[in-house]
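See structure below.
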Amino acid sequence: MSVKCKIGPSVLNADLSDLSEASTKLLDSGADYLHLDVMDGHFVPNLTFGHPVVKCLRNKIPKAFFETHMMVSKPEQWIEPMADAKVDQYTFHIEPVSDVPSICRQVKEAGMKVGLALKPGTGVEVVAKYIDMADMVLIMTVEPGFGGQKFMTNMMDKVRWLRENYPSLDIEVDGGVGPSTIDACAQAGANMIVSGTAVTGATDPSQVIKTLRNSVEKVINKS
Ligand SMILES: O=C(CO)[C@H](O)[C@H](O)COP(=O)(O)O
Ligand SMILES: [Fe+2]
């Protein structure tokens with residue numbers, strides 16, 4: 001496995017009234033990137049924030065790698081605004097999209113990396129035809145929409161399938177990931193780890209990030 005471990009905390013359940021402080025704390029605690037959950041109240045039954053907030057956050061935090069997890073019905077609509085907000089990676093759900101390659105192209109042309117996200121009910125084989133256009137595949141381990149939900153262990157079959165077929169692909173897991181579920185993710189082959197509540201709710205976020213990293217690195221170093 002020729003991939004690197006990266007830990008990207010989700011700010012979803014952090015204090016969103018002070019997003020920049022919450023984000024800085026996560027980066028100072030050892031996060032490799034920030035996972036920003038964008039919800040439109042349509043693709044998922046919840047609302048968070050959009051490109052105006054991401055742009056303000058970017059002004060405060062010029063250097064960190066920003067991934068936006070676009071839980072939106074029309075991902076094509078937000079490519080330019082997110083590129084303008086200097087987002088590094090645009091991860092969108094394939095479920096509401098009829099022409100995935102076209103969106104991948106637009107995201108790349110806008111200067112961002114492409115992440116393809118799959119809801120729990122979406123079969124993993126469907127991404128095979130898009131894999132050459134993707135920098136990363138996100139396997140959701142909860143139904144998207146809310147933080148603090150229970151990790152779905154059966155999603156590890158999808159992660160294992162991806163790792164077996166694409167040894168150098170960046171594979172991200174998101175939803176209910178923390179110290180008690182990280183070993184399952186790591187052993188299945190995930191190398192990009194999103195963790196919300198387990199990190200932002202911890203008294204020592206850096207300790208949690210270390211635990212997540214150790215688990216993934218142990219597996220990567222063995223292979
Ligand atoms: O995309 C998401 C929810 O749709 C979040 O990134 C995810 O749920 C992170 O929070 P937690 O670790 O608390 O589950
Ligand atoms: Fe997310």
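Cβ atoms here come from the backbone N, Cα and C positions, even for glycine.
Automatic, uncurated: that is what TrEMBL annotation is.
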With His35, Asp37, Asp174 listed by TrEMBL as binding divalent metal cation, identify the candidate in His69, His93 belonging to that site. His69
Tell me which binding-site residues (Asp37, Gly145, Gly147, Gly176) have a Cβ under 6 A from ligand 2; sequence order is fine. Asp37
Using the Cβ center of His35, Asp37, His69, Asp174 as the divalent metal cation site position, which other residues in that chain lie within 8 Å, going by their Cβ? Gly8, Ser10, Leu12, Leu36, Glu67, Thr91, Leu138, Val194, Gly196
His35 (divalent metal cation binding site) versus binding-site residues Ser10, Gly145, Gly176, Thr197 - nearest by Cα: Ser10
Close in space, distant in sequence - Asp37 (divalent metal cation binding site), Cβ under 8 Å, 6 or more apart: Ser10, Val11, Leu12, Thr48, His69, Met71, Gly147
